[in-house]
Each structure stands twice: as C-alpha cells, then as structure tokens.
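Participant: What follows is a structure written as structure tokens; I'll ask about it next.
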Amino acid sequence: MNGMNMADTILLIDDDPAFGEELAAFLEDHGFTCECVVRPDKVLAMMAELQPILLLIDQRLGAISGTDVLRAVRGVSDVPCVILTGINDPVDRILGLELGADDYIHKTAMPREILARIRAVLRRTRTFATAAAPAAREQAAWDLRVAEHELYRPDGSPCRLTFAEFTLLRALVEARGEPLSRDILTEAVFDRPYRPGDRAIDSLIVRLRRRLEPDPEQPIVIKSARQQGYLFTGFAPAPSPEPTILPPPVPHKTEHISTT
C-alpha cells in the first residue's frame, strides 16, 4: 500500500474475507492502514511486525475464538482491542470486557459508527499518553503514573492494567473520594452513554478489585456507594515486612590462661 503510515496501522482479525476487505477499504479511505488477518494463530507475529495502534477482533473465528485471541494479546500487550460480534450475547460482551476489550461493536453497525468508535478508543488512548495529573500519583506507597499509563505496587513491581481499567481507576482516583455514577464512568471509559442494564463498568470494577484489594470479597479500596456508583477510598497500605527472627546468641566460653 503506497504511502502507508505504519504508526496508524489497524489489525483486523476476521475469517470472513468479504467483510474484512470491505471494512479495511473503508478505514483506509479515512486515513488508516488496515491489515487483514484470516488466521488467528498469526496475530501475535503480525503484531510484532506491524506494531498496530488498535486491533479489531471478530468474536467468532472458528476453532480459535475472538476471546482466545484477546486473551493471548493481553498476555503480551495493552494495545487497544475492539471486539466485533455478529450476535447479541451479553455473556460474550461481559467476557470480552473482563478479558480486557476496550469496546464491543456489533458487526451490523454502519462502517461510520465502527470508525467513530475506533476514533473514540484511540482518542482516549492518546489523551492518556500526553496527559499529566500529578495529584493522582501519590496514594500510600502505590505509584500511579498517568503520563506513562502505568501503576506500580509498593514493592516497585508493575501492576498491569488494560487501557479501560487504567481509565476507570484514574477517574475514581481523581474524584478524591466522591462517588461516581455508572453514567459518568461509562462516558469516561467508553466515551458513550450508559444504557440501563449495562454491566461493563461493574465488570471492570471486579477486575480492578482483583488487582488492588487485599481481599476482593471485602473491598476497601474501591467501594460501592448505594444508588450512587463507586468511590475510591485510597490504595491499601503496603504490608508490613515480616520481622526478622534472629537466632539466640551463642554464649562465649571464657578461657582461663594458667600463669604457673
């Protein structure tokens, strides 16, 4: 493809060549380079070669499902991922979001809607890449680095978060203890209105609690506020180091030197 900008490459994983070629042509007419992958087992190799800015993953790919691909991708990368589905199954949607999808779009959507949703995901990603929020950085010994899109545990190890998880955590932290409704959080994370019955935010909260809470079943970091949403109360303090138990001192024997 002449004059393509590899920095704007989208990887489309779909085993329907007709659909893939049509959508790819539309996206390329609107400024993207779109590479189609029919074989899902080639996705990681293509990612390493092309360094795409976003993945579009068909939910139904035959023997290897879209969720299998998403799980493999999330094992190595936080690149934005959008799931394309041909069926309206809330279980599939929740599973995809729990595995780290940044959005979920029905394949019957108009190409312009798919384009708009892609741009929305990329806009949020790029905003975070350049944003700075020093007030969000310190909480106990955890280190939330907004500009770098990274969170570090008290021991200095990285706490890996997907883009959607990080966006949600940042919104809660910056609210400084004020509860945020699902409406506000859905707009902040997915750049779309909240719909009654939508469990996307709740699924992300569950995932964040697994990463941040000492006991996810008894949350103290992200709490539910009845009829208000969720609020951030502060990172859990770093655990106290185990005391070092020293062996009892060995008594020294006094040697008597005879002078006779």
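For all residues, glycine too, the Cβ spot is worked out from N, Cα and C.
Heads up, here are the entries from TrEMBL:
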{"type": "DOMAIN", "residues": "9-122", "note": "domain 'Response regulatory'"}
{"type": "MOD_RES", "residues": "Asp58", "note": "4-aspartylphosphate"}
{"type": "DOMAIN", "residues": "134-234", "note": "domain 'OmpR/PhoB-type'"}
{"type": "DNA_BIND", "residues": "134-234", "note": "DNA-binding region"}
{"type": "COMPBIAS", "residues": "241-251", "note": "compositional bias 'Pro residues'"}
{"type": "REGION", "residues": "241-260", "note": "region 'Disordered'"}
Participant: Are there residues of the same chain, six or more positions away from Asp58 (4-aspartylphosphate), whose CB falls under 8 angstroms from its CB, and which are they?
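Facilitator: Residues satisfying the criterion: Ile13, Asp14, Asp15, Asp16, Gly66, Ile83, Leu84, Thr85, Gly86, Lys107.
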Participant: Go ahead and report the DSSP secondary structure tallies for the DNA-binding region (134-234): helix first, then strand, then coil.
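Facilitator: Split into helix, strand and coil, the DNA-binding region (134-234) gives 37 helix, 19 strand, 45 coil.
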Participant: What mean pLDDT score does the DNA-binding region (134-234) have in the model?
Facilitator: 85
Participant: Per DSSP, what is the residue count of the domain 'Response regulatory' (9-122) in each of helix, strand and coil?
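Facilitator: Breakdown, helix to coil: 54 helix, 24 strand, 36 coil.
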